Amino acid sequence: MGLCKCPKRKVTNLFCFEHRVNVCEHCLVANHAKCIVQSYLQWLQDSDYNPNCRLCNIPLASRETTRLVCYDLFHWACLNERAAQLPRNTAPAGYQCPSCNGPIFPPTNLAGPVASALREKLATVNWARAGLGLPLIDEVVSPEPEPLNTSDFSDWSSFNASSTPGPEEVDSASAAPAFYSQAPRPPASPGRPEQHTVIHMGNPEPLTHAPRKVYDTRDDDRTPGLHGDCDDDKYRRRPALGWLARLLRSRAGSRKRPLTLLQRAGLLLLLGLLGFLALLALMSRLGRAAADSDPNLDPLMNPHIRVGPS
């Protein structure tokens, strides 16, 4: 169990494997829609995760995704295509998760952001509307654009290298008028920003994606005495009396309420009783010490007392 860092501050057992933070279902739908999220216990057992879709083996961040109630994440197009291949008379229990064989349709008594988002997504296709008990609709098939592949641009470098202009072409190009060196550009409309597209045709490199920023809704203006919840500080050994220091710090920082008249009288009575007992103990110790050193109380010093054989 952990505490989510969002303003709701809800206790949750869900853990984002990519950002390594506890997340509630509200943050899961709003800010971690394409992250691998499972229970915190599973992350403790094995923190490795696969960022690709298990149906097409393509990164999840490249396409639209949907999350089932078991928190497994798939591309919506892949899940829709797989479910559409089943017969039309398939029972709702026959639509199962490809990963854990759990139900795709959320239970009717299950409420939450994940279940609500899944119901809204399933309501857009007929095979799911039949399982949800909704009337069928006319589906509009909109082809999803395929992601660009770097192999499409692999032959452009050879084209760029083979099309090097000769000296005669350079001379003829320099002799042309100056206004032919630049293509005329249409005037940009004031209410619409101008868009530019740059294509690098030489030295193709594999596409890489930068890691996404860790989602953290905590305010930047933290209290100077509080420290961030980082991984290095989370698992380090705590001192034995750390709880006592935190308790004293919390009591010293809190505002004390003024004592009532009855509380003041009880406090004075307690202090007076403690002082009287301390005075009795001190006088008893001093009196016993004086009696031990008094020669009049020593029987050997008394002439009227004889010790030994008569």
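Keep in mind that glycine also has a Cβ here, set from the backbone N, Cα and C atoms.
Note that the structure is a prediction, hence the values are computed from the model and not measured.
Features as listed in Swiss-Prot:
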- 1-43: zinc finger (ZN_FING)
- 53-101: zinc finger (ZN_FING)
- 145-231: region 'Disordered' (REGION)
- 148-165: compositional bias 'Polar residues' (COMPBIAS)
- 213-224: compositional bias 'Basic and acidic residues' (COMPBIAS)
- 267-287: transmembrane segment (TRANSMEM)
- 288-310: topological domain 'Lumenal' (TOPO_DOM)
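Helix, strand and coil counts from DSSP across the zinc finger (1-43) read 10 helix, 12 strand, 21 coil. Cβ atoms under 8 Å from those of the transmembrane segment (267-287) belong to residues 259 of the same chain, restricted to positions at least 6 beyond its ends.
Secondary structure by DSSP for the zinc finger (53-101): 15 helix, 8 strand, 26 coil. Confidence over the topological domain 'Lumenal' (288-310), given as mean pLDDT on the 0 to 100 scale, stands at 73.
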